[in-house]
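Before any comments, here is the structure.
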Amino acid sequence: MSFPCKFVASFLLIFNVSSKGAVSKEITNALETWGALGQDINLDIPSFQMSDDIDDIKWEKTSDKKKIAQFRKEKETFKEKDTYKLFKNGTLKIKHLKTDDQDIYKVSIYDTKGKNVLEKIFDLKIQERVSKPKISWTCINTTLTCEVMNGTDPELNLYQDGKHLKLSQRVITHKWTTSLSAKFKCTAGNKVSKESSVEPVSCPEKGLDIYLIIGICGGGSLLMVFVALLVFYITKRKKQRSRRNDEELETRAHRVATEERGRKPHQIPASTPQNPATSQHPPPPPGHRSQAPSHRPPPPGHRVQHQPQKRPPAPSGTQVHQQKGPPLPRPRVQPKPPHGAAENSLSPSSN
């Protein structure tokens, strides 16, 4: 490597080291200032009193070496944009802080002779404000929880009746084993904000949690609604089935009645004699009187046997008198002897 190249490299290295040392020194001597995201902040110059000898006050960002505001006598105050506002006492106001406003700010003050009478550096850091912590507990699990939802680098602290219990970042969980009745306080904070919540907690040794009671009531209500719907559904199905069966029975009865009406026979006249055997008996011989039937039974061996006759079917719609039991036997008719023969038979006896 040639001598000119070595000289340039050495110069750049020395300049880089000196620049880093100056920046580190500025950060070390900087005043740490905290701002809340979305809020305004005033960068006040400590131990400074405005006088007529002051001619120039200049503010700049050290990250880009850019002038953001300047005050000079008998001249209009300079500001880079509406975000900044410079007061006559040298205070710089930054409106509606954003994350990119986090930087190192430097103020330089000169008198009318051009002499630097004061120089201050501010290390501005921005955080999001913490939200109010939320305290919740359950008596069944004997557990209390404190948590914070929003905020940059929050710090939680839990107290019971003024006694510090735990420290955490986002969530604190506390358990107990006996009955409890105490006042809990949970605080959340960071560099720019602080919030707290207080809750009186009362848990008997054998108590029911309000959420358990609500769950039981809700489950019971749902069960009752389900049972009512089930009963309604079953009843409706039974009614539909009964109505369908009634319609089927009515249709079947109508069909049977129609078929019977089509098969009905014609009426038969009821002029048939009840005992045809009497009509077949031969008439008595001439000259003989028929004797009235006596009530004596005929001698044995001479009983007339009548064969049963088939009765004609009774016509529909008419009532036919039917004789109960077998037909009664008729007495045998004997012919009366002639009158002359009777006299001849009586004469010898008289002689």
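Our numbering is plain: 1 for the first residue shown, then up by one each step along the chain.
Every residue, even glycine, has its Cβ placed from backbone N, Cα and C.
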## Note on the structure
Per Swiss-Prot, the region 'CD58 binding region 2' among 106-120, 121-135, 166-180 spans residues 106-120
### Task
Using the record from Swiss-Prot, pick out the residue from Cys5, Cys139 that is joined to Cys203 by a disulfide.
Cys139
### Message
Annotation N-linked glycosylation site per Swiss-Prot: which of the candidates Asn16, Asn150 has it?
### Response
Asn150
#### Entry: Cross-link partner of Cys146 (disulfide, per Swiss-Prot) out of Cys186, Cys217
Cys186
### Message
Measuring Cα to Cα, how many Å separate Cys203 (disulfide bond) from Cys146 (disulfide bond)?
### Response
17
### Task
Determine how many residues of the domain 'Ig-like V-type' (25-128) DSSP places in helix, in strand and in coil.
8 helix, 53 strand, 43 coil
